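Q: Pulled these from TrEMBL:
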- Cys153-Cys186: disulfide bond (DISULFID)
- Cys154-Cys170: disulfide bond (DISULFID)
- 20-41: transmembrane segment (TRANSMEM)
- 61-81: transmembrane segment (TRANSMEM)
- 93-115: transmembrane segment (TRANSMEM)
- 233-254: transmembrane segment (TRANSMEM)
Amino acid sequence: MYYYRYENAEVSCCYKYLMFSYNIIFWLAGVAFIAVGFWAWSEKGVLSDLTQVTRLHGFDPVWLVLVVGGVTFILGFAGCVGALRENICLLKFFSGVIGLIFFLELTAAVLAVVFQGQVREWINDFFLQNIRAYRDDIDLQNLIDSLQRMNHCCGAQDPVDWDLNVYFSCNESHRSREKCGVPFSCCLTDPADSVVNTQCGYDVRTKPKREWNDSIYTKGCITALEDWLPGNLYTVAIVFIVISLLQMVGIYLARTLITDIEKVKFSH
């Protein structure tokens, strides 16, 4: 007696729901980023007057939040629906975009190492541009203040860079109270102080430069970043490796699921 065994190819439930779970986190993160971005714009009144977006001469951090949120939302949606509906097109779109992002990250890292001088100059120009626009946007202001406070720095190269800002400039033609000063985030802080003195930087640059060390940070933020990187190279490398591994896991799950779906289709 002969027995015939018929094997029907099936899509692996394990990979299918792993892919769904992996992407639901992407989708929820995208929703959160977009919500935060629109909330920030609503607080600044941008949603009631969209022309405010074009008035900012510096970098608006909300744009970065919205772009990251939008890309993450689309990828998460494509991955979730592609896994549940076993849609090859959506899964290929997901794995292709993740692969492209990984390639761009790798390319940017290599170019940053090869062209260090040009990258340093670009970052310096970018920082100076945003010093000029410091008072134009509250989110940009908070970002620069956080950067200076955390890194104990002031300006791009030194505190003199704040002369580029119309409010802090030593120009004789205006009467700003902040004239010849620096933002409070440049000031040396005392851990015992419970209240931030936002006027601590007033008139600092009217004093001789040798006295600046007594009240403000004199190291530029570009120099502070260069000093920070060598000591934290392993941390940066670990973060990059973890992000890369997560991306590789997503691509692997998507490609495996695509292979299973194609097997099922061919078997029928």
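Cβ from N, Cα, C; glycine included.
Walk me through the surroundings of each of these features.
A: Other Cβ atoms within 10 Å of the Cβ of Cys153 (disulfide bond) number 25 in total over all chains.
Cβ neighbours within 10 Å of Cys170 (disulfide bond), excluding its own Cβ and spanning all shown chains: 13.
Within the chain, the transmembrane segment (93-115) has long-range Cβ neighbours (under 8 A, six or more residues past its boundaries) at 23, 71, 75, 78-79, 82, 240, 243-244, 247-248, 250-251, 254-255, 258.
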Q: Would you kindly give the Cα-Cα distance separating Cys186 (disulfide bond) and Cys154 (disulfide bond), rounded to the nearest Å?
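A: Per the Cα atoms, Cys154 (disulfide bond) and Cys186 (disulfide bond) stand 5 Å apart.
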Q: Since the record lists Cys154, Cys186 as disulfide-bonded residues, which of them has the fewest other Cβ atoms within 10 Å of its Cβ?
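A: Taking Cys154, Cys186 as the disulfide-bonded residues, the minimal 10 Å Cβ count falls on Cys186.
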Q: Between the Cα atoms of Cys186 (disulfide bond) and Cys170 (disulfide bond), find the distance and write it as a whole number of Å.
A: 17
